[in-house]
Amino acid sequence: MARDVVVVGSINADLILQVERHPRPGETLLGRTSTVLPGGKGANQAVAAARLGADVAMVGAVGEDAYAATALAGLRDAGVDLTHVRTVDAPTGLAVVTLSDDGENTIVVLPGANATVTPHRVDDAEDLVAGARVCVVQAEIPLATVAHVARLAAAGGTRLVLNVAPAAELPPETVAAADPLVVNEHEAAILLGRRYADPAESARELAARGVRSVVVTLGVGGVVGVADGATWSLPARRVDALDTTGAGDAFVGALAAGIADGLAVEQAAALATRVAAASVTRLGAQPSYPWRGDDLP
Ligand code: RIB
């Protein structure tokens, strides 16, 4: 069955430690609370799209351990098709998120089962990718798989939303297959082989490398994009941020849902900006994402 959105990517359990402030190197701090919530950039994006009403399938892997049920709970709850999520002999991906009182987070990810999402494994989902309106992939699975997914999407005529998060270097042909490529400022600079680059310049420079559309996210600075040769920008919605974990994934998932629904990249980004803003007002990644019909900032 043709899906609106197929996400190939990571599935994690997020162990969230709330602390007054982040520890300095060599320092031991006492934390306040710990919570385990579903996460992983791929799963987060799938849930964000599904909660907005898109028909979504996920391709990925979890382990046989106790974290697997938590990691899949948000996907199940949002009605995401998990036929192509395998249970493998490796620990479920785990992210340790340290969240300070000022809303800033640090994240360490242990890929575990996500490392088994190889090109060969994804071949089992070739028809799913080829039949979808939009395929979304990020860089928390092996980079060879990201490149392979880009090839499968191109061969099937499927629109590819490529989110190069966390920052990674990818072959030019993989990046050029994106429509749109979605990166933050830091990820854009890495793709361009620099330490820093002006966001609008980055978007134009990446587009000049043959990418049909580019979206650079700037957090509270909003987004800047290039599509069809024109540069545009959108402000972020003003909200009281409690936890920014997974806000970028909320943006990508909503963007994919909007594009699958027929919106142009800029219009889909306008929706995604609002969904991301809603997500930072609540704790965690997936539990913070709005459902279709919810009021948005
Ligand atoms: O983008 C946020 C996500 O990054 C978290 O859910 C965590 O699992 C890591 O993958």
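Cβ coordinates come from backbone N, Cα and C, glycine included.
These come from TrEMBL:
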ACT_SITE  ASP249  active site, proton acceptor
BINDING   ASN12, ALA13, ASP14, GLY40, LYS41, GLY42, ALA43, ASN44, GLU140, ASP249  substrate binding site
BINDING   ASN184, THR217, LEU218, GLY219, VAL220, GLY221, GLY222, GLY248, ASP249  ATP binding site
BINDING   ASP243, THR245, SER279, ARG282, GLY284, SER288  K(+) binding site
DOMAIN    3-291  domain 'Carbohydrate kinase PfkB'
Candidates near ligand 1 among the recorded positions ASN12, ASP14, LYS41, LEU218, ASP249, SER288, judged by a Cβ under 6 angstroms: ASN12, ASP14, LYS41, ASP249
Among GLY222, GLY284, which are binding-site residues, the residue with the most C-beta atoms within 10 angstroms of its C-beta: GLY284
Neighbouring C-beta atoms (10 Å sphere around the C-beta of SER288 (K(+) binding site)): 23
Length of the line joining the Cα atoms of ASN12 (substrate binding site) and GLY284 (K(+) binding site), in Å: 12
Which of ASP14, GLU140, ASP243, ASP249, all recorded positions, has a Cβ with the fewest other Cβ atoms inside 10 Å: ASP243
Three-state secondary structure, ASN12 (substrate binding site) (per DSSP): strand
Whole-number Å value of the largest CA-CA distance among ASN184, THR217, LEU218, GLY219, VAL220, GLY221, GLY222, GLY248, ASP249, listed as ATP-binding: 17
